[in-house]
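Take a look at this one; I'll ask things after.
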Amino acid sequence: ISEDSAMENIVTEKKAEESHRQDSADLLVFILLLTLTILTIWLFKHRRCRFLHETGLAMIYGLLVGVVLRYAIHVPSDMNNVTLSCNVNASPATLLVNVSGKFYEYTLKGEISGSEINDIQDNEMLRKVTFDPEVFFNILLPPIIFHAGYSLKRRHFFRNLGSILAYAFVGTVVSCFIIGLFMYGCVLLMKQIGHLGGDFFFTDCLFFGAIVSATDPVTVLAIFNELQVDADLYALLFGESVLNDAVALVLSSSIVAYQPEGDNTHTFEAMAMLKSFGIFLGVFSGSFALGGATGVVTALISFNFTKLRELPLLETALFFLMSWSTFLLAEACGFTGVVAVLFCGMTQAHYTFNNLSPESQDRTKQLFELLNFLAENFIFSYMGLTLFTFHNHVFNPIFIVGAFLAVFLGRAANIYPLSFLLNLSRRNKITSNFQHMMMFAGLRGAMTFALSIRDTATYARQMMFSTTLLVVFFTVWICGGGTTQMLSCQKIRVGVDTDLENFVSVFGRSSTKQESAWLFRIWYNFDHNYLKPILTHSGPPLTATLPACCGPLARCLTSPQAYENEGQLKDSDSDLILNDGDISLTYGDITVSTDATGAHTSGTPVGGVAVNSDEALDRELAFSDHELVIRGTRLVLPMDDSEHPLPLDSRRHWHKNETMS
């Protein structure tokens, strides 16, 4: 018996070693995919080719490798299929099997239909390259979503915040129901003609509408950034894609949670619908609050532990771990990690970033940019791979054609009616060519894929996943590849210098104040006077903003660095209105002043043209780099830390007649 046991141990060790080698080979496949993608990206950038983005390249390489693995390489599995029947009421996650007195543990892989019981995947390579969907949610998605919030250009985002929220929340819900209703009609048609091979309910159609409503125009935005397209168009597209990913995820979870009372769980019931709506609001608001709170905690840690700045490596490591833990904490608490990590990134960019040492600031930006690049290209490579390696594809021509039509109709119902309503109150209108470009740029990407692959146990979910892959391929290759041609067709300007554009817009046109400026006058004053001094070393000392009776508390909460930086204030949100004390802003020959009460006065420019207070305020909002005179001290406030300063000649020309303090 001991000899048999020793021989069995040797066999087990050999199997473990072979499995380790196989795993290494599988990971090497993905590393080679990413390496090949990077080299091709360099070639495309060198040749200035814009018809195919890096994500499209990654998908093509994934497809090619998938074909090779599927049809050219066959690694036989050593498993022996033994089918035994036993009566149980549920499928256990783990199973203990007694084989000749020895107990073995088996884990659940998934449901297999009766027709496939003798056709189990026997290619070990294909089994190994199929990842657990939780890998995408817990490892690959967090850096992508966090980078979106951390790299957000807040100036243009907040200028168009009202429109972005409308597109992201109202538009995504409208798109979800339009697609769901249209697809339910397709399902009924398929049922009538006998092309439906399993159950497919209206809630399944709504779930499909939610997951394909998540846009990811990474290809379009990369081209926009390279060509320097209009900043407001970029902000509308980027802001919508960032927020509607989060909305689509929470919306899909709410649809899954829809549970009417009674035996039929797919009938309409008002109370169940209201409960799902309450779950949507609760999960989203809870995730938002958790993400903001963890961002504030990180800011407080970096604010109080100032000695940590002397060790940038530890500072960067702590920042990274706090950011990633936000996602996992939200998931563990029953919230949505995507929403939490998004708002955590935005909060940390606003507060924590200012407390980091210069080395850590550079390191965190580069670190999350690298992780975002690798994770995104890995996901798109895996998309191409799964078209051939996924074993349970269900391709239905009627459902596929209906999905493409539904996605088009849902996007149109999102963009055009909302743009019409928003233009009723916007001074800076969303023009028709901007609307057509936003319609065209509604690509589907990483979030849509991750949501569809998370559950492929049923016939309906398998059909959704297969169709989603085709939708992503089409939008990335066709819509993403045609971005440059669409910009030319719609006559949208490229090569726009944002800072120079702001200057020209002020002096060449009438008021361009955005619709949400009034809201952020209130927010900016509160944030600048109270939150920034508490959470960062910038902003005016609390002793200057709080009443005299709060003097001891103000001195306790204000850091010594705040007093040192009082004359060298740097604020990334200085495009919003300042009215703390007497403030004078100088633009060339025009001086705009703000007294302690918030009243605005303005000087007369050379040429004798009077400027009213509203126009002066618009100029204050429009400039990205202006000079302020506060109590006799000139302060230079750049709008965004990530933006490069203007050329010296431009700055000299703009401020040639500035008032000397």
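Cβ coordinates are placed from backbone N, Cα and C, and glycine is handled just like the others.
Just so you know, TrEMBL annotations are computer predictions that nobody has curated.
Pulled these features from TrEMBL for this protein:
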| type | residues | note |
| --- | --- | --- |
| COMPBIAS | 641-661 | compositional bias 'Basic and acidic residues' |
| DOMAIN | 37-488 | domain 'Cation/H+ exchanger transmembrane' |
| REGION | 640-661 | region 'Disordered' |
| TRANSMEM | 27-44 | transmembrane segment |
| TRANSMEM | 56-73 | transmembrane segment |
| TRANSMEM | 135-152 | transmembrane segment |
| TRANSMEM | 164-190 | transmembrane segment |
| TRANSMEM | 279-305 | transmembrane segment |
| TRANSMEM | 317-346 | transmembrane segment |
| TRANSMEM | 367-388 | transmembrane segment |
| TRANSMEM | 394-413 | transmembrane segment |
| TRANSMEM | 459-483 | transmembrane segment |
Among 317-346, 367-388, 394-413, which stretch has the most Cβ pairs under 8 Å to the transmembrane segment (164-190)?
394-413
Would the transmembrane segment (27-44) count as touching the transmembrane segment (317-346), i.e. at least 3 C-beta pairs under 8 angstroms with sequence separation of 6+?
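No, the transmembrane segment (317-346) does not contact the transmembrane segment (27-44).
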Quick check: do the transmembrane segment (56-73) and the transmembrane segment (367-388) share at least 3 Cβ pairs under 8 Å, counting only pairs 6+ apart in sequence?
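Yes, the transmembrane segment (56-73) and the transmembrane segment (367-388) are in contact.
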Might you confirm whether the transmembrane segment (135-152) is in contact with the transmembrane segment (367-388), defined here as three or more C-beta pairs under 8 A between residues 6 or more apart in sequence?
yes
Looking only at residues six or more beyond either end of the transmembrane segment (394-413), which have a C-beta under 8 A from one in the stretch?
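For the transmembrane segment (394-413), the sequence-distant neighbours (Cβ-Cβ under 8 Å, at least 6 residues beyond its ends) are 174-176, 178-179, 182-183, 185-187, 189-190, 195, 197, 208-209, 212-213, 439, 442, 444, 459, 462-463, 466-467, 470-471, 474.
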